[in-house]
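Engineer: The structure is given below, and queries will be raised subsequently.
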Amino acid sequence: MNTLFISDLHLHSSRPQITRAFFDFLRQQTHHTQALYILGDFFDAWIGDDDDDPLPNAVAEQLKKLNSAGVAIFLMHGNRDFLLGNSYAQRAGATLIAEGTVIDLYGRPALLLHGDDLCTLDTDYMAFRQQVRNPDWQAQLLAQPLAARRALAAQLRAQSQAINNMKAESIMDVTPDEVVRVMEEAGVDLLIHGHTHRPARHPLTVQGRPAERIVLGDWHHQGWCLDASATGLALRNWDI
């Protein structure tokens, strides 16, 4: 049996090849797959569960098929789809899980994060994150008409891309001290996250013991997946 972890697909109607690759990925799962964890930025933007764009509904249908075949599906918010709600998760046969969830991964506790909250040196982004994760701010946004929300999402996405182009690469990566801190706080020696688009396996030391941070890849020219089983962990990629 195995458990799969993916993130940062950034599904959007302008990137149909990524959606096709994701559907192919779902169809390839066998009865050996126990669970699929999607750790944020599944969608490139999320303006509410009431969005009438056909893409989210098509994705929900495919996820529901996988869930009906016996695979548990878990969704975590990212910095692009933090408004994703329980209504959509239920339609997709999925369960929303909080950032910082610790799971038992074949006898090994693993901390799951999207990863943006580890980038503490990017102070401008951290302030923005605090604002948009505020329940009152979110409620005000969701009360607006779909067209207004869609326009705001496009504006925020364009601003983010422009700002990131001017930032040093180092501040957009995780802060090593923060990684160790959250792992110590959670009492784990394994952290799995996405967000940075820098897939890799990083050995480190936490409380004097060997530990590991695994970074999931973004789906662009390649698909990425962490495949976990009782026999080990494998970070896999393939061409799209």
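Yeah, the Cβs are placed from backbone N, Cα and C, and that goes for glycine too.
Copied straight from Swiss-Prot:
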- Asp8, His10, Asp41, His197: Mn(2+) 1 binding site (BINDING)
- Asp41, Asn79, His114, His195: Mn(2+) 2 binding site (BINDING)
- Asn79, Arg80, Asp122, Ser160, Asn164, Lys167, His195: substrate binding site (BINDING)
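Tell me about the setting of these features in this model.
Structural biologist: Mapped onto three states, the DSSP output places Asp41 (Mn(2+) 1 binding site) in coil. Sequence-distant contacts (6 or more apart, same chain, Cβ under 8 Å) of Asp41 (Mn(2+) 1 binding site) comprise Ser7, Asp8, Leu9, His10, Gly78, Asn79, Arg80, Asp81, His114, Gly194, His195, Asp218.
The secondary structure of Asn79 (Mn(2+) 2 binding site), as reduced to three states from DSSP, is coil rather than helix or strand.
Sequence-distant neighbours of Asp122 (substrate binding site) (same chain, six or more apart, CB under 8 Å from its CB) are Lys167, Ile171, Met172, listed in sequence order.
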Engineer: Which site among Asn79, Ser160, Asn164 has the most other CB atoms no more than 10 Å from its CB, taking these as binding-site residues?
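Structural biologist: Answer by Cβ density within 10 Å: Asn79.
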Engineer: Neighbourhood of the Mn(2+) 1 site (Asp8, His10, Asp41, His197): other residues with Cβ within 8 Å of the Cβ centroid, in order?
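Structural biologist: Apart from Asp8, His10, Asp41, His197, the close residues are Ser7, Leu9, Gly40, Gly78, Arg80, Gly194, His195, Asp218, Trp219.
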Engineer: Could you round the CA separation between Asn164 (substrate binding site) and His197 (Mn(2+) 1 binding site) to a whole angstrom and send it over?
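Structural biologist: Computed Cα spacing between Asn164 (substrate binding site) and His197 (Mn(2+) 1 binding site) is 13 Å.
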